[in-house]
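S.K.: Questions regarding the structure given below will be posed in turn.
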């Protein structure tokens, strides 16, 4: 018989991980406070998502947000949770949320040096049918000495200090990067803590899955149509790619990270600038995918190189395994050359 205990006595929790990263960077502790506050909000949202049906949180709150999406009751709750937790961390100065038309400026007595862009509940159109949804965030340093304003959030993704997403699925998971790879943490409901389950996850060089909304095939540009045709009917006799699309970006991106392949929300005739928002949807997931060895592009440039012009700016997004994204870009270049 073994005398090994069934309980882990030296587990790496996300709280401990964040503190260790801060110590290694010889930081002030402000980013540690910020990340821990974000994690508290994520735990609270996870709890609300699990209780939503019983607590009458499904359904529409009776309004439309700034980007034209119907606002769900859980959206409103999640947004308030994140804003309140971040402002009470004393580490933020500007908050940009999908749910707020303008940036939220933290009160002077609570201000810190960080800017946070977030989508409190991504994929909320899937709430009522219990499909996976998530929270996405990116953290930047304020780069000027001026009074905090919306302009402080208009930084390219290359300036990100830390980014991540939470996925509320069969379990609650957080993918987090502070610029040194991507680590995955799962919420242990017994402990109420996120525990490290995978360190330095790497995306496959090439996958076997493509993910996009083929319902919009009527509006696809020539490059997208050509690429999808190649995946479904390979000319080299290889097996076709599998098609997977949840319609909740966090779920689709996380599957792409874990299994490899490509996720696409390209520009089309209906949405010539793309549909996903740069600051709080595209940049955080592009950062995670690049940190894991993948690629993320708008079709014309890396997502993280885009210089934002407005806080709710939309861009096309194609990300995933480097060889798959490169093949898509080859289709784009070929079609541009043929014009």
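Using N, Cα and C of the backbone, Cβ positions are placed for all residues, glycine too.
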S.K.: Given that Swiss-Prot annotates 28, 29, 30, 31, 32, 113, 114, 141 as binding AMP, state which candidate in 18, 49 belongs to that site as well.
M.R.: 18
S.K.: Which one of 17, 216 shows up in Swiss-Prot with the note phosphotyrosine?
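M.R.: So the answer, going by Swiss-Prot, is 216.
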S.K.: Motif 'Nuclear localization signal' per Swiss-Prot sits at which of 199-203, 204-208, 209-213?
M.R.: 204-208
S.K.: Of 58, 219, 227, which does Swiss-Prot mark as phosphotyrosine?
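M.R.: Annotated as phosphotyrosine in Swiss-Prot: 219.
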S.K.: Can you match one of 98, 145, 147 to the Mg(2+) 2 site that Swiss-Prot gives for 119, 121?
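M.R.: Looking through 98, 145, 147, the residue Swiss-Prot assigns to the Mg(2+) 2 site is 98.
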S.K.: Give me the long-range Cβ neighbours of residue 248 (substrate binding site): same chain, 6+ apart, Cβ under 8 Å, in sequence order.
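M.R.: Residues satisfying the criterion: 122, 123, 126, 131, 132, 133, 134.
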S.K.: Would you say which of the binding-site residues 98, 122, 214 has the most Cβ atoms within 10 Å of its own Cβ?
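M.R.: Going through 98, 122, 214 one by one, the largest Cβ count within 10 Å is at 122.
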S.K.: Looking at the binding-site residues 18, 29, 31, 98, 113, which ones sit with their CA no more than 10 Å from the CA of residue 214 (substrate binding site)?
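M.R.: So the list is empty; none.
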S.K.: Substrate site residues 122, 213, 214, 215, 216, 245, 246, 247, 248, 249, 265, 275: biggest Cα-Cα distance, Å?
M.R.: 20
S.K.: Specify the nearest of the binding-site residues 31, 98, 141 to residue 216 (substrate binding site), where nearness means the distance between Cα atoms.
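M.R.: That would be 98, nearest by Cα distance.
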S.K.: Any idea what the Cα distance is from residue 113 (AMP binding site) over to residue 265 (substrate binding site), rounded to a whole Å?
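M.R.: One finds 33 Å between the Cα atoms of these residues.
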